[in-house]
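Student: Quick paste from TrEMBL:
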type	residues	note
DOMAIN	1-67	domain 'Photolyase/cryptochrome alpha/beta'
BINDING	Tyr179, 192-196, 232-239, 330-332	FAD binding site
SITE	Trp264	site 'Electron transfer via tryptophanyl radical'
SITE	Trp317	site 'Electron transfer via tryptophanyl radical'
SITE	Trp340	site 'Electron transfer via tryptophanyl radical'
REGION	405-431	region 'Disordered'
COMPBIAS	405-417	compositional bias 'Polar residues'
Amino acid sequence: MKHGLNLLIQHGKPEDILPSIAKASGAHTVYAHTETCSEELRVERGVRAGLQKVRRQTQEPSGKNPLSPKLELVWGSTMYHTDDLPFHPTELPDVYTQFRKSVESKCTIRSCFKLPTSLGPLPRCDLDEIGGWGCVPLVDDLGLHHEKVNMGMCFRGGESAALSRVNEYFWRKDLLRVYKETRNGMLGPDYSTKFSPWLASGCISPRLVYEEVKRYEKERQANDSTYWVLFELIWRDYFRFLSVKYVNSLFQIGGPRKVESIKWSQDRVLFESWREGRTGYPLIDANMKELYTTGFMSNRGRQIVCSFLVRDMGIDWRMGAEWFETCLLDYDPCSNYGNWTYGAGVGNDPREDRYFSIPKQAQNYDPDGEYVAYWLPELQALPKDKRHFPGKSYIKQIVPLKFGSSNQRHGRSNYNRRQGKDYAGGSKNFY
Ligand code: FAD
């Protein structure tokens, strides 16, 4: 508003809303980011078709300025611009490290655009026709309710909140300095950046995060942690470019490698116990409760619950991916389905085939059971070393662990012996 314009807020489908706004404002062009996945491309086509039905009222000759507003798409969302890649996305390397090394050595990251000094004047617009400027709906208006979570991150939408988190995490709390050591945490707001919901909804750009990391490195210090945030953002880019290369196979059961040898189950009882956090494994149940309650789960948690669903339960990985899609505040089709295909062992890179052992993960990332006791208060009274495997004080385990046992005896030999023919690819990494 300081720059002479306002934000028009409407709630509904882009293919219905955008043509009506274009009509009311007499717009000649609608600009949007290019999408890469099928459902988003369908919306893009719907918007284009809707705009074609709009007739602009113009005095100019129609040849010069078409009567219907046009849809102009620009590449966005990634840190590296698609036009700057040393290869076409369809030729993308299947090994992440090759991709990363190649872009790091051959590409530069474009600067952010400066905000124009003036955004006005307001287009001549019949706002009444479209219900006025609108306002940000309250959570209650959307049929949802607030959940009070003391140990979580309070996510507020919008660019100002996103910038304030960057400021807090990098500068005020100086957490960027130690990111690489803390990033595998699960409890509280500060073990990782928590930028993902804002990145996913376009409230901040990864190019801005890049510029802030570089400024931090100049003004404070450069170390492994400052680099690691960029390393993770390159993963995010990689999954987006992979969606251009592998199109719909990212959503199909055999994944990009079209793996057919895995027999997946769609057992509803097992799936519901995972979804609702009633598996009898506190580490799984706590993470699933956090996801449902807050719309967020740590990266460590996501890898563990994904591995449990696909490896220990043998459930169709797409059911897990869909539940994540339903809940995640940072849902992004490329990162979500890309990570799930890796977790399920059907991703483009067979070397990313991993089994996460619950006893080992619990020992490394929640040794005192603080995380599980926060989300499952019934465990708080137990001694710390019993919280992950509380026996009869907790609900019965719904399936045994495939590799390794719950009394913390696990190891490669056991894992290799029992791996059988369940999964494609000979060697799996055991975490
Ligand atoms: P940080 O650790 O602070 O990382 C900084 C940024 O790097 C993140 O905000 C994110 O943009 C990016 N990033 C980090 N790890 C990854 C990764 N493995 N893949 C892609 N980008 C990454 N991330 C999403 O943004 N949307 C999803 O829908 C999504 N689904 C996932 C599903 C599964 C099964 C798994 C294992 C991971 C998924 N991730 C997804 C990646 C990752 O878990 C989240 O990006 C991360 O936990 C967000 O927290 P953060 O912002 O604090 O991350």
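Glycine is treated like the rest: Cβ placed from N, Cα and C.
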Student: What are the sequence-distant neighbours of Tyr238 (FAD binding site), meaning same chain, six or more residues apart, C-beta distance under 8 angstroms?
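Tutor: When sequence neighbours closer than 6 are ignored, Tyr238 (FAD binding site) has Leu92, Tyr96, Phe99, Arg100, Gly338 within Cβ distance under 8 Å.
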Student: Filter the candidate list Tyr179, Tyr238, Trp264, Trp317, Tyr331 of recorded positions, keeping only entries whose CB is under 6 Å from an atom of ligand 1.
Tutor: Tyr331
Student: Can you give me the Cα-Cα distance between Tyr179 (FAD binding site) and Trp340 (site 'Electron transfer via tryptophanyl radical') in Å, rounded to a whole number?
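Tutor: Rounded to the nearest whole number, the Cα-Cα distance is 24 Å.
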Student: Could you check which of the recorded sites Trp264, Trp317, Trp340 is the closest Cα neighbour of Lys194 (FAD binding site)?
Tutor: Trp340
Student: Could you state the whole-number distance in Å separating the C-alpha atoms of Trp264 (site 'Electron transfer via tryptophanyl radical') and Trp317 (site 'Electron transfer via tryptophanyl radical')?
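Tutor: So the Cα of Trp317 (site 'Electron transfer via tryptophanyl radical') lies 8 Å away from that of Trp264 (site 'Electron transfer via tryptophanyl radical').
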Student: Note down the number of other Cβ atoms within 10 Å of the Cβ of Tyr331 (FAD binding site), including every protein chain shown.
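Tutor: Tyr331 (FAD binding site): 16 neighbouring Cβ atoms within 10 Å.
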Student: Could you check what DSSP calls Tyr331 (FAD binding site) once collapsed to helix, strand or coil?
Tutor: coil
Student: Calculate the distance in Å between the alpha carbons (Cα) of Trp340 (site 'Electron transfer via tryptophanyl radical') and Trp235 (FAD binding site), and round it to a whole number.
Tutor: 14
